[in-house]
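Now, the feature entries from TrEMBL:
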- B:Tyr175: active site, nucleophile (ACT_SITE)
- B:Tyr175: active site, O-(5'-phospho-DNA)-tyrosine intermediate (ACT_SITE)
- B:Glu261, B:Asp313: Mg(2+) binding site (BINDING)
- B:146-207: domain 'Spo11/DNA topoisomerase VI subunit A N-terminal' (DOMAIN)
- B:211-247: domain 'Type II DNA topoisomerase VI subunit A all-beta' (DOMAIN)
- B:256-426: domain 'Topoisomerase 6 subunit A/Spo11 TOPRIM' (DOMAIN)
- B:1-27: region 'Disordered' (REGION)
There are 2 protein chains.
Amino acid sequence: MSERKRRRGDPAAAGSSGKTKIRSDASSSPLLFKNRLKPDSIILATLQQLHAAEQSSSSTGKVPTLAELGLSSTCREVSDRDPAAVRITIEDSILAAARSILEGRGFSFSVPSRSSSNQIYVPELDRIVLRDKSSIRSFSSLSTVRKTTITVRLLALIHQLCTKNIHVTKRDLFYTDVKLFQDQTQSDAVLDDVSCMLGCTRSSLNVVASEKGVVVGRLIFTEQGDRIDCTKMGVGGKAIPPNVDHVGNMESDALFILLVEKDAAFMRLAEDRFYNRFPCIIVTAKGQPDVATRLFLKKMKTELRLPVLALVDSDPYGLKILSVYMCGSKNMSYDSSNLTTPDIKWLGIRPSDLDKYKIPEQCRLPMTDQDLKTGKDLLEEDFVKKSGGWVRELELMVQTKQKAEIQALSTFGFQYLTEVYLPLKLQEKDWI
Amino acid sequence: MSERKRRRGDPAAAGSSGKTKIRSDASSSPLLFKNRLKPDSIILATLQQLHAAEQSSSSTGKVPTLAELGLSSTCREVSDRDPAAVRITIEDSILAAARSILEGRGFSFSVPSRSSSNQIYVPELDRIVLRDKSSIRSFSSLSTVRKTTITVRLLALIHQLCTKNIHVTKRDLFYTDVKLFQDQTQSDAVLDDVSCMLGCTRSSLNVVASEKGVVVGRLIFTEQGDRIDCTKMGVGGKAIPPNVDHVGNMESDALFILLVEKDAAFMRLAEDRFYNRFPCIIVTAKGQPDVATRLFLKKMKTELRLPVLALVDSDPYGLKILSVYMCGSKNMSYDSSNLTTPDIKWLGIRPSDLDKYKIPEQCRLPMTDQDLKTGKDLLEEDFVKKSGGWVRELELMVQTKQKAEIQALSTFGFQYLTEVYLPLKLQEKDWI
């Protein structure tokens, strides 16, 4: 057993197995990689190049609009609007309805279809957008009177939220009129309709999702007037607020944003104050990305013009998470321009890392049938296909049928992630 | 419909239904309750009394010890130890093993039993503790050699963590030796054994759970040297750190701690800066309480000697959550003294509030069979039985077969919670 323990590079175990000699073969691979590390100044120079490229890049923050692509008549999307603008839009639509009633024509709304048949992937934008199909929701039709009533009720509630400028959850909205809405799926669905109909993002409507993400590192911002310095947030970090419009005045001397899939890795990076050694902002949604974290990432990337490097598990689920950050989820495709951060670089853990960094066999996990199916499905996704590197990595995963979590690196010592793996990755520009 | 809308006290709807007159019956109940509110200075005086009682109370922070109860020989519990003390304890146990081996007797550990048959509720402590049953885990026995090996391996790893003073998750521990541990349930179970065996809390072993909770309001503390002012944490609040031993120097001018079950209510309270009107600290674990939030609450309550008022859903699950904060969960009963905060006051939403505050029928939900069973089971729990008030509330819930979420209050307006319900509850000392 001492042989195996020593191979793991575990100092405690190595110390206790005095009888065996240290050999310099593959078993000491962790040390091997550590020895490849150059001084931090060299790694920092590499990061400065990456940073400079991002700052000068014309693509960052300046994605072509639908109009520039000649798609404005056939596609639609929503935009961030301030509460006053939302109020006016609502008032306009209600005035139009009143006028229509006075003219003896009853009233109706033209509601964009959000079905997948009305969605399209636009390669130039690298995300899904809604096509222009709409349907008429009339108060005088038996089949749509309920939905029309719910729509009017939500318009009134949102008007109230924007007047007071307070934020509520979808659950709060539901409870304002349980008898009408009956169950929350109905008010949620119409809320998305209203968002599309008004051309405003859901967060512009002051309806927010619950917060889940945390951020730590070289970022200062104001939140509802409070100045938040994320280098002084201990190891727990700052909770990302549910309403990103309360966030302003972002400042940073970071060279990049490190997007982390899971909170265990986040904790390691925060406790080791990784951002002090390599100036960066570390952010995680603790698994499946929520809307607040996606908006926050987008805002950081756009305002600070920083490159985003992603650290996720080497499994199809890790890639799925990246796809949500990059391309959005299908049921909110009307809002994809505000929620998505294209151009995220895949730093690790990549399938090719498993052999490259000699992750022991027993720390790799076999992929389940479901994993394999998801992996093969991902190979058909546009966001994967546009990059040869991503396709090769994913093919390797599906072919070797092996996956690994970020934490598999703990096999080489708890701080291997922060002290060897990530610095080496950065030094060698090993992102795709 | 205008009649119903008006009853909801929804300003937007009231304005649009000009034809009906406002009547002063039950339908205007939200206003009725609002009119009952006295000036804030009177409510604050009430809270100052509550606060003073807590500060002078001999019970706070001074629960009898097992020794004082004459139970130290028949019960056991663990305590918080610093990393140096944990290291010495581990070294002692390894030296004892070495001595035993040298004397030709092989080695074994005496491991406390954590089974429910070895657990007992101690009324004086108001929590579950472990009895003194132990079993011998011997390296020379075929049935225990594996577990003994895992125990030694974990002792070595924890020794390393305490030497470096870094914190890792259970998942990280598992990955250090997948071949030996085979699956994480095995390393997790032995970790709990080791915690009992060494008499140290799991967080003393520098093994932490992932963070989930957030805190906002009148609290200042240091976290790994950073000074955190929770009045300046915007609406998102500060993420509660996974390792409470990084937290120190707590200061507060709050009169109470408001423990909230869900993040939607937390968000409402934070956005409305409820803590500025009524000096308090607001904390939530976003559902089922995690270890980090429980430790943080305990630390606040003990160091600041503040009363804790709880705001949970009026359903059996809300009470279950309170029970975890107050009495601990069964599988960590050995650690109950460090994790539990007895003496939490149940502020709301209580079953009797549904009629008292005239929550409309359609905002109440019928209890499922499972709910009813859980409710009846809770009536048998000691932490409920010790309070006549709690028993009566729970009996009412089971009898009416109705439950309601905190957010049901949104039916009277989104800010009814912060502007009417909670102030009135505090004014009338309506906690039990």
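Placed from the backbone N, Cα and C atoms, the Cβ positions cover glycine too.
Those TrEMBL annotations? Automatic predictions, nothing curated.
When the alpha carbons of B:Asp313 (Mg(2+) binding site) and the residue listed as 'active site, nucleophile' are compared, the span between them is 38 angstrom. The average per-residue pLDDT of the prediction over the domain 'Type II DNA topoisomerase VI subunit A all-beta' (B:211-247) is 92, rounded to a whole number. Distance between Cα atoms for B:Glu261 (Mg(2+) binding site) and the residue listed as 'active site, nucleophile': 33 Å, as a whole number. Comparing the binding-site residues B:Glu261, B:Asp313 by how many other C-beta atoms lie within 10 angstroms of each C-beta, the top residue is B:Glu261. Of B:Tyr175, B:Glu261, B:Asp313, listed as recorded positions, those near chain A by the criterion of a Cβ under 8 Å from one of its Cβ atoms are B:Tyr175.
If you draw a 10 Å sphere around the CB of B:Tyr175 (active site, nucleophile), it holds 27 other CB atoms from the protein chains shown. A coil conformation is recorded for B:Asp313 (Mg(2+) binding site) in the three-state DSSP classification, outside any helix or strand. Remark: secondary structure over the domain 'Type II DNA topoisomerase VI subunit A all-beta' (B:211-247) totals 6 helix, 15 strand, 16 coil, with classes taken from DSSP.
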